[in-house]
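So the structure is just underneath, and the comments pick up after that.
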Amino acid sequence: MARQPLVSSVLVIGSGPIVIGQAAEFDYSGSQALRALREEGIRTIIVNSNPATIMTDEDMADAVYIEPLTVEVLERIIARERPEGLLATLGGQTGLNLAVALAEAGVLDRYGVRLLGTPLEAIRRAEDRQLFKELLLEIGEPVLESLTAYSVEDALRFAEEVPPPLIVRPAFTLGGTGGGIAFSEDELVTLVQRGIAASPIGQVLVERSLLGWKEIEYEVMRDANDTCITICNIENLDPMGVHTGDSIVVAPSQTLSDRDYQMLRSAALKIIRALGIVGGCNIQFALDPRSDQYYVIEVNPRVSRSSALASKATGYPIARIAAKLAIGRTLDEIPNPVTGKTMASFEPALDYCVVKIPRWPFDKFRHGDRRLGSQMKATGEVMAIDRCFEAALQKAVRGLETDQTDLTWEDSRWQDPSALEQALRIPTDQRLWAVAAALRRGWTPEHVSALSGIDTWFVRAIQRLVEMEQRLASEPLTAELLWEAKRLGFADRTIAALRTTTEQEIRAQRLALGLAPVYKLVDTCAAEFAAETPYFYATYEDENEAPPLDSPKAVVIGAGPIRIGQGIEFDYCSVKAAQALHRAGVAAIMLNNNPETVSTDFDASDRLYVTPLDAESVLDVLRHEASSQYDQLPPVIVQFGGQTAINLAADLAAAGVPILGTDQDAIDLAEDRRRFERFLHELGIPQPPGAGVTTLEEALETAERIGYPVLVRPSYVLGGRAMEVVYRREHLEQYLATSGAFASGRPVLIDKYLDGIELEVDALCDGHEVLVPGIMQHIERAGVHSGDSFAVYPAVELPSVHVDTLVRYTTEIALALAARGLINIQFVLHQGVVYVLEVNPRASRTVPFLSKVTGVPMVDVATQILLGRSLGDQGYRGGLWPRQPLVAVKAPVFSMAKLQGVDVQLGPEMKSTGEAMGIDRTFEAALAKAFLAAGLAIERGAPVLLSLADNDKSAGVELARGLLALGHPLVATEGTARYLRAHGVPVELTVAHIGHGHPDVLEVILERKVRGVINTPGRDEGTIQDGFLIRRAAVERGIPCLTSLDTARALVRALLGGGTSFSVQPLPAYRTREAVLA
């Protein structure tokens, strides 16, 4: 008989907003843990500041708090809920750091809360670089020469004994924040300063660099009985020196000898035992490729990004098992839900190869530093599974959804052999393509391996792909050659390009030959036992393990890798859609390739296919599922997967696939500028003057006709990619010359830029009625991307006459488009007139936020509409949903510290990676919470630097007075200080422009003499460059930096209005009329 759990109620700490280094993997692990705890009859309480997560849905826990993740807020929740246990190892670095802080503040002892799973001492010993080093020496594990430093002087003394290159690793940080590789003493000084600032305990480890060694990871689990197992070992294709989150990785390892494998496995088990970790843990090793010498690099004493990958790669539900171990279960008494027959103590086995490739944001940040090092830069990742490494690699490349859809892409600079050699030596996001380019030129695998540090085994595998490219380009396309190419993962599109024909012709030839993929099971046991999970991947073999589902079914297209502009919000929508289909008796088939997310969990849908989200792969799955008595091709839902899914709609419709919801013609109408202009004109709804243009001449003529400034953007993009506000003709010419805006062949949209209040509506349409759950008002004026704006629900200061106009326009547009399901419309209120900016006939990134604050389960309702149920059938009616007795603010969260060379200035191109929410009874309290949750709160009474553009100075006077009233001494650049003093505002310190005196503006930031920066960008060359350096310095020192006066004024308003005295309550309590204070 199973023993009673250690506790009857548990508080789970979430990881907060999505940032580089801490992404959707913690929504996945937290959601799994909450389900596992509920299975055990335990009362669950979740706290997270991120409204876009599945884990903060009200049905996920007994009490759901969307509140700032601070010690003070957590203590209030603990005092109210009185949990017996705290589970912090599923909330990433945020969860771990908060657990340590709660313990050190005496909160856990004061309320009798037990820290579950990994003990506090084990967390400290793994995270504190000095304690970890001492532990490794105690157990006889090899340790690199290193020094735990608390100052630059410490580090420089170490550099005298061990010269650069040196690695700098800050303690208690995520994604290598603040760290890096120092190749000189000057670089060492910069990195140590940055690392000490990033570490919550002001500590960095400085160690000898092992550049070029192999990086190997083991995912290990241990229970309270000291039973330990390895789940998976992972090999980084990139050698040491590149953060594992930025490395291409392969599971299981491909180049280790059995002796090396067993040696590192034994070391991993010894380390997890010595630390006393209970649950999951990730251990990273460096292995000398020329000997069996290894070093332990670090341990993550928690579920991590690698755990999510290992989980999806093996099918073993690590987070679920870790949660059960934390409450006292042991591995030998927990059934493996994947097989239903083995226990969790049974080590997984793989009979396939898994490849993960990171998704970097350099398509958004063309001027960002593409070099990869020990500080992570990727926003997301894709996973591909196949029977061989070559096929899995090619699938993963296709899944990235970049312009480089295969390995044939080359940078034109690589025509120069020295540039190609440089591209191999220096790790960047493009190095994989450089390897293929070098092999095409006849460079030997050994030479390429020596230059790049990538093992020869992997280089030879890429050489086999290059050889197949050459055969496909030159030989007759026989059935045997096509079969071989498909076995190696070549897409129809790539084969067509190599043979200068069309993808459709290759597909027709392939299908005529009867060449189609079969689908294999991911079962944790290499088919040793029958599996119960419906989790499949495609491969070109003979035996199929996935008979088509023989029941009513629908396919949900997921959102692919997390990237700026398309984040976790769309995974939320996909999962909620699958759940709604399941409840309606329709089998939900999920297609996605993101290993971090809930949607690729083995039980998030009735059937999961891990596949690239391109037309070929999706159509192959649909054809496979079509051979059922219920339908020809199963219907597909594209409105929940962001732009990824919408961009597939045209190809799917052309192939005869039934699309549930808004049809393809309406999707095209919303994206086609000329059609959309006519459409709104016929409805009598205003929009900013503009046009879709296809040439430079048309662009210049349109801009002159409507008048500068203009907003310029490509069509069919998400997140405002390559969008810009342009003020002058020469600026427009430069933009069109450098952005590649005309490259897609689709029109570039040019609109008059209207400087007004931006408003946003998400609505539900069943073809007869339109429900508007809520209207959101952006704090920043139009011109700042909606994803980077603070959004407020309800639009608290919008006159009712404009509310009525918004609801009327939304209703007319949705009905005229014949929309079905969700639709998102963005408006601008300019000089008393409401204009339509854009219409998106799909789910938007605000759907999770609005669903949670209004109580309308928008994705569930939309899915039921797609299945034929009207709003009335579901108990809703058209019009504006009753306003809730609360105010909620969605705040953008940025990861700029990780991206050198990228400006934090807000504009029409989206830059934020995640979001946080503040919710309360008043606007000021909700706003103050949003700033706190987003990490933008300025330390009370600390000096604030003001450096304002000329056209912002007059508006900055009131802001400066507000800051003074709050007790913030003012520091200002010369022009701003002069203006403020002339208007009676005292400035404590005037600083010179960069390089024009002492102290200058950079010095006060770099020396942390200010704790907040408000810098609005000017438009002449000098101030543009100075502003960039000011903003970068603030970000790299971890100092809150605001670039919009609207945002800064909102912060001051919140604090002056008493926003710091906010309430803390479960989410549903805010929607009741009675205020419950805690």
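Glycine is treated like the rest: Cβ placed from N, Cα and C.
Swiss-Prot names Arg713, Lys752, Leu754, Glu758, Gly783, Val784, His785, Ser786, Glu838 as ATP 2 ligands; from the candidate set Gln734, Gln826, the record adds Gln826 to that same site. Candidates Glu298, Leu754, Glu838 (binding-site residues) were compared with Gln284 (ATP 1 binding site); those inside 10 Å Cα-Cα are Glu298.
Counting Cβ atoms from all protein chains shown, His785 (ATP 2 binding site) has 23 others lying within 10 Å of its own Cβ.
Proximity to Glu298 (Mn(2+) 1 binding site), judged by a C-alpha distance within 10 Å, picks out Arg129 from the binding-site residues Arg129, Leu754, Gly783, His785, Gln826, Glu838. DSSP assigns Glu838 (Mn(2+) 3 binding site) to a strand in the three-state reduction.
In sequence order, Ser146, Thr148, Arg169, Ala171, Gln203, Val204, Leu205 are the residues near Arg129 (ATP 1 binding site), counting only same-chain partners six or more apart with C-beta under 8 A.
Mapped onto three states, the DSSP output places Leu754 (ATP 2 binding site) in coil.
Counting other Cβ atoms within 10 Å of each Cβ, the binding-site residues Glu215, Glu838 show the lowest value at Glu838. Computed over the region 'Carbamoyl phosphate synthetic domain' (547-935), the whole-number mean pLDDT of the model equals 90. Counting only the Cα atoms, the space from Arg208 (ATP 1 binding site) to Glu838 (Mn(2+) 3 binding site) is about 53 angstrom. Spatial neighbours are here defined as Cα atoms within 10 angstroms of one another, and by that definition the neighbours of Glu838 (Mn(2+) 3 binding site) among the binding-site residues Glu215, Val242, Asn300, Arg713, Leu754, Gln826 are Gln826. Arg129 (ATP 1 binding site) carries a helical DSSP state (H, G or I).
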